[in-house]
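Trainee: Just passing along the structure, written as structure tokens.
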Amino acid sequence: MDREFIAERQKGLQNYLNVITTNHILSNCELVKKFLDPNNYSANYTEIALQQVSMFFRSEPKWEVVEPLKDIGWRIRKKYFLMKIKNQPKERLVLSWADLGPDKYLSDKDFQCLIKLLPSCLHPYIYRVTFATANESSALLIRMFNEKGTLKDLIYKAKPKDPFLKKYCNPKKIQGLELQQIKTYGRQILEVLKFLHDKGFPYGHLHASNVMLDGDTCRLLDLENSLLGLPSFYRSYFSQFRKINTLESVDVHCFGHLLYEMTYGRPPDSVPVDSFPPAPSMAVVAVLESTLSCEACKNGMPTVSRLLQMPLFSDVLLTTSEKPQFKIPTKLKEALRIAKECTEKRLMEEQKQIHQHRRLTRAQSHHGSEEERKKRKILARKKSKRSAVENSDEHPAKYSNSNNSAGSGASSPLTSPSSPTPPSTSEHAPF
């Protein structure tokens, strides 16, 4: 087969893969992962999940699977099943199963205790966990099924049970939310983030699909993700910026992504964002600039408390009678603190590696650029000409010195201070 044809096809395939991998949703798709890295993504996680769920049902016979909810989430190693309770057949629940991630630093005992503690967490802006259990390799949680779906389903006008790619990858209509919705939802989400930060409970997984809508109330999902050590949906973004190096700052940066999506009906094309499209209010843009702009990503994120004081959210009145409750024993708080520090350390190491790789790539790109090659050629020519001129000047000098030596005879030895030493003589000595 023609070599040029093969090279052209390889280039076309590489361009195609570049387009796919720069799309945030497509790059996390299981089919793409399996194509690019078949060795690490060869397992059948649906089968593994079914085995774990079946083992669970042996000890908890009151639950029953209605149907698997195929690909409704973006994670490859997290699976969902529609459930029901046998003596309440009309009530629908959702079971989620996930195995451990790279940031699981809790001991097995502390991990299992914290997972089982989640149903006791009561907060007006946290979606209640009905049941939770864990073993040394995975966790299983059950929540009520919500027909309205998540905040992302509202933005994209999607059906909750549809696959993730179908719901969000190519929306038919792009339209943001009303200003009052943005203000209210944003304030509710910030309030629950502050609550978790004050409790010392790391989150780090904020995005529109992790916010359940219950009427006009936003409720946060998947608190278990940080305990499992799972990677954040936006990790590929904030890992580029060395100032976003704590889980609190990660939450604030992710809130910027969420606010952008609520405002414009779609995620930003790239981050940092150089300029923002027209928004329903300049107060929205002010918050976006503080979380997604070049300056913010370079200098660091504001705190959640600072965002709550900004004009967009400071005048929002929240009416709720539910008192927050989440009692974490002192020993488990200490375990969470250590795990959080380990997670942040790994993030900083990854950010350092990315920074060094970027510097090396820029240096190689600069060195290999057409302009640099031209500069090096010009310098080489100038050096060559200079050497030629120096050599031509050197030969007459040698000739003149040799004549002077011959005329002076033996009375003027070469070592005499009165006779100048020719340049470069020692370099050409026969011994």
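Every residue gets a Cβ built from N, Cα and C, even glycine.
Sharing the features that TrEMBL gives for it:
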- 5-398: domain 'Protein kinase' (DOMAIN)
- 350-431: region 'Disordered' (REGION)
- 354-365: compositional bias 'Basic residues' (COMPBIAS)
- 374-386: compositional bias 'Basic residues' (COMPBIAS)
- 400-418: compositional bias 'Low complexity' (COMPBIAS)
Trainee: Across the domain 'Protein kinase' (5-398), what does the mean pLDDT come to, as a whole number?
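Mentor: Per the prediction, mean pLDDT sits at 91 for the domain 'Protein kinase' (5-398).
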Trainee: Using DSSP, how many residues of the compositional bias 'Basic residues' (354-365) fall into helix, strand and coil, respectively?
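Mentor: Taking each residue of the compositional bias 'Basic residues' (354-365) in turn, the totals are 12 helix, 0 strand, 0 coil.
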Trainee: Per DSSP, what is the helix/strand/coil residue tally across the compositional bias 'Basic residues' (374-386)?
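Mentor: DSSP composition of the compositional bias 'Basic residues' (374-386): 13 helix, 0 strand, 0 coil.
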